[in-house]
Ligand SMILES: *Cc1c(COP(=O)(O)O)cnc(C)c1O
């Protein structure tokens, strides 16, 4: 039996998470399927930011560091969100960017590994990891005399051996939406005493995460994707208590000092995750981020992550099924695993090479642009032009906080029309912009 628009409307009517959409300000008439790139704005954020500026900053000025609790905000937010990561209290801080936090934890891991086994000379990661992760790993390898080993997903477990120091993996892959088994891989790596660093950019707030349960060593993740913290929102960093105090992180700024306001000339790191702070914290950005985290706190009464995950899988299942039923014959494929345990909260469609304008490329970029013009916002991720195993990707993020089942129907219907009409061939959809 094929699905209908009415079926989707019925599902929305039964969706207990539906009211959460009202906590966000979204442009009318748009279906936003890019919350995995930049999350939507919570309605509370604008007033919160204004209040920080008008009341805390303008009125109380420097007294706000104490009076408004600015000084503890990175840790307070970390504690608020820790349960969603399976982390304990005082184990998480929100600070800096994912790239910077990754530099800190990879360097710490390299230092600990060098102490534990100087012969270990490899940093393992995935070839298809997000590029900033690879770039940061390259620098850390250069500084610590490590060899960077780039692996395909099926090569990870066989590559774990006693020569490896650190394994850096992104839990949910940004191009495919494929999710690793964090617990299984971490256990396999620990059997060789390899330290595990997990990047949770596409996991935090999107899928269940249990860092303590998986016994991971370090984790970082993004504040502006599923956490809806705003563009460039502070990211988070977590270290397991057994490693957090083992070494200095490399960016030894005064906010990571044990006693920053004693102004002593010598560095002494704070105990615990606070040492992963570096300089003065961006209070306005952290305040905006808190509004994003508050939305998650509000979902606890509605079933929390279990309910979010169930809806996310229902949305992605529906999208996959509707694309299969309604968009056949246009060279689309599925990059995202069908198996729920291996799927994040996004669906990535591939498009075959040679189907673009004049048989050049895949046309995927223009299809996304044509969809955006129709009010369906996904994004495009470039493949390797048929040279390797990565096709061009049309990427759609499904945020259960504000995407509904009728949205999925309408998005697929727009995609069907864009493909059937060939409208994506229009020159205006082929103009490349700086940010895709
Ligand atoms: C989004 C993302 C980042 C972003 O890093 P920034 O420092 O915030 O630019 C890093 N890694 C992964 C896996 C991501 O998905």
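Quick reminder: no glycine exception, Cβ is built from N, Cα and C everywhere.
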According to TrEMBL, 98, 99, 130, 131, 132, 133, 170, 199, 202, 224, 254 bind pyridoxal 5'-phosphate; which one of 45, 280, 299 is listed for that same site?
280
Using C-alpha atoms only, work out the spacing between residue 170 (pyridoxal 5'-phosphate binding site) and residue 225 (N6-(pyridoxal phosphate)lysine) and round it to an integer in Å.
14
Can you list which of these binding-site residues (98, 130, 132, 170, 254) have a Cβ closer than 6 Å to ligand 1?
98, 130, 132, 170
DSSP-derived class (H/G/I helix, E/B strand, else coil) of residue 132 (pyridoxal 5'-phosphate binding site):
helix
Give the maximum pairwise CA distance in Å, whole number, for the residues 98, 99, 130, 131, 132, 133, 170, 199, 202, 224, 254, 280 listed as binding pyridoxal 5'-phosphate.
30
Can you grab the distance from residue 132 (pyridoxal 5'-phosphate binding site) over to residue 225 (N6-(pyridoxal phosphate)lysine)? Cα atoms, rounded to a whole Å.
16
